[in-house]
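Visitor: Pasting the feature list from TrEMBL:
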- HIS96: active site, proton donor/acceptor (ACT_SITE)
- ASP270: active site, proton donor/acceptor (ACT_SITE)
- ARG15, LYS75: substrate binding site (BINDING)
- SER134, ASP198, ARG203, SER220, VAL239, LEU240, VAL267, ALA268, ILE269, ASP270, VAL298, ALA299, ASN300, MET301: NAD(+) binding site (BINDING)
- 4-137: domain 'Alanine dehydrogenase/pyridine nucleotide transhydrogenase N-terminal' (DOMAIN)
Amino acid sequence: MRVGVPKEIKNHEYRVGLTPGAVREYVARGHEVLVETGAGAGIAADDAAYVAAGATIVPTAEEVFASAQMIVKVKEPQPNEWVQLREDQILFTYLHLAPDPEQAKGLMASGVTAVAYETVTDRSGGLPLLAPMSEVAGRLSIEAAGSALKAYNGGRGVLLGGVPGVAPARIVVLGGGVVGTHAARMAVGLGAEVTIVDRSIPRLRQLDELFHGRVRTRVSTLESIEQEIGEADAVIGAVLIPGASAPKLVTRDMLRHMKQRSVLVDVAIDQGGCFETSHATTHADPTYEVDGVIHYCVANMPGAVPLTSSHALNNATLPYGLALANKGVAACDEDPGLMAGLNVRAGKIVNEAVARSLG
Ligand SMILES: NC(=O)C1=CN([C@@H]2O[C@H](COP(=O)(O)OP(=O)(O)OC[C@H]3O[C@@H](n4cnc5c(N)ncnc54)[C@H](O)[C@@H]3O)[C@@H](O)[C@H]2O)C=CC1
Ligand SMILES: CC(=O)C(=O)O
Ligand SMILES: [Mg+2]
């Protein structure tokens, strides 16, 4: 198959769909790989590194889209990319369609077969192609909170770990999945006081064991969320219902319980966000304020650390991408986990949770 890798064009997105190491694996199996010139600049992989791995460098994204049978990307296609997709093409990337009806319409109109990283499942029901970026975003979320809490950025001026004799920051993590666990690890490591709120009691039991009682755990209810955010210096939004729009756990009215100049980091923004007052922001202008509370809502957080992120993402996507390159969309028939990733086919939304969220 001819596989195409365009350069990412989202704001401050420096990741790349295939690393040179991944290209080598495709080429070794007889596939042809077209890479847009400069696509690997963000991971210190120049065109020569891709050529050495067996790729052909092409000068424009248009040429990649025009001749590739499968496009491998990182972020959801932007409007000028939708219009280049075709019905005889596979698109393999993050899509996050539930909160994005415009993109959904664009993909349906193109006729493309779109497999979304974030809804591919594994045998234990996990999300193997979301997990690596959730690890990165969870860890970054505490850096984002620490930065937003600084006085010169408008924050409360609290040091996450405190110092001897002065209490540390209180961090509340809503959702104890992959993002939440990695956020908690960073926050605990820095010496903050951490509470994880999840709706799953079995998950809270696992977290209690994992952190040896070093984090507080609470079942997710209106009351527990209201109490916890009222005490928090920073709240990390990390809930997910796979494929669906994120539940709005914190309404605008609830913000009045929060401390002035405290911080919300809504990692779940790519699924629409779990705070009512969230709207997507960019790395170029990551925060805004509502009712005295600072919001950080960057939808492509891992793009800030492209070296770590691109390699972590490729480690996970490689076997699935190779299956699609080897067998085409028939690979989905052989793997129910990959089938769960199929979001758009022949002009229709074919993932139930995504379709329901889009109405
Ligand atoms: N902004 C960004 O750059 C990135 C965003 N993400 C997003 O972060 C979000 C979280 O992802 P993961 O941690 O991988 O998901 P996950 O599935 O591992 O964890 C989600 C957790 O939310 C919990 N949950 C669901 N509903 C809840 C409720 N009402 N109250 C409390 N907890 C609830 C679940 O029980 C689960 O433990 C997703 O939307 C994902 O797309 C991931 C990576 C990068
Ligand atoms: C998962 C996601 O949205 C990202 O890595 O950008
Ligand atoms: Mg998005």
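Just so it is clear, glycine is given a Cβ too, placed from its N, Cα and C backbone atoms.
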Visitor: For the NAD(+) binding residues given in the record (SER134, ASP198, ARG203, SER220, VAL239, LEU240, VAL267, ALA268, ILE269, ASP270, VAL298, ALA299, ASN300, MET301), what is the largest pairwise C-alpha separation in angstrom?
Guide: 26
Visitor: Using a 10 Å radius around each Cβ and counting other Cβ atoms from all shown chains, which of the binding-site residues VAL239, VAL267, ILE269, VAL298 yields the largest count?
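Guide: The most densely surrounded of these binding-site residues is VAL267.
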Visitor: Among SER134, ILE269, ASP270, VAL298, these being the recorded positions, pick the one whose CA is nearest to that of HIS96 (active site, proton donor/acceptor).
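Guide: Closest by Cα: ASP270.
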Visitor: Residues with Cβ closer than 8 Å to the Cβ of ASN300 (NAD(+) binding site), same chain and 6+ apart in sequence?
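Guide: Result: LYS10, ASN11, HIS12, GLU13, LYS75, ASP270, HIS283.
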Visitor: Let me know how many other Cβ atoms fall within 10 Å of the Cβ of ARG15 (substrate binding site).
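Guide: Around the Cβ of ARG15 (substrate binding site), 30 other Cβ atoms lie within 10 Å.
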Visitor: Can you name the residues of this chain that are 6 or more positions from ARG203 (NAD(+) binding site) yet have a C-beta less than 8 Å from its C-beta?
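Guide: The list for ARG203 (NAD(+) binding site) reads GLY176, GLY177, given in order along the sequence.
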Visitor: Please check the recorded positions SER134, ARG203, ILE269, ASP270, VAL298, ASN300 against ligand 2 and give me the ones with CB under 6 A, sequence order.
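Guide: Cβ < 6 Å from ligand 2, in sequence order: ASP270, ASN300.
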Visitor: With DSSP, how much of the domain 'Alanine dehydrogenase/pyridine nucleotide transhydrogenase N-terminal' (4-137) is helix, how much strand and how much coil, in residues?
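Guide: Residue counts for the domain 'Alanine dehydrogenase/pyridine nucleotide transhydrogenase N-terminal' (4-137) by secondary structure: 49 helix, 21 strand, 64 coil.
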Visitor: Round to a whole number and give the Cα-to-Cα distance in Å for the pair ARG15 (substrate binding site) and ILE269 (NAD(+) binding site).
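Guide: Pair distance, Cα basis, whole Å: 19 Å.
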Visitor: Work out the three-state DSSP category of ILE269 (NAD(+) binding site).
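Guide: The three-state answer is helix.
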Visitor: Can you tell me which of ARG15, HIS96, SER134, VAL267, ILE269, ASP270, our recorded positions, come within under 6 Å of ligand 3 at the Cβ?
Guide: HIS96, ASP270
Visitor: Going through the recorded positions ARG15, LYS75, SER134, ASP270 in sequence order, which have a CB under 6 Å from an atom of ligand 1?
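Guide: From ARG15, LYS75, SER134, ASP270, counting a Cβ under 6 Å from ligand 1 as near, the near ones are SER134, ASP270.
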Visitor: Average the per-residue pLDDT over the domain 'Alanine dehydrogenase/pyridine nucleotide transhydrogenase N-terminal' (4-137) and send me the rounded value.
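Guide: PLDDT averaged over the stretch: 97.
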Visitor: Taking the Cβ of SER134 (NAD(+) binding site) as centre, how many other Cβ atoms lie within 10 Å?
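Guide: For SER134 (NAD(+) binding site), the 10 Å Cβ neighbour count is 23.
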Visitor: Translate the DSSP assignment of ARG203 (NAD(+) binding site) into the three-state scheme.
Guide: helix
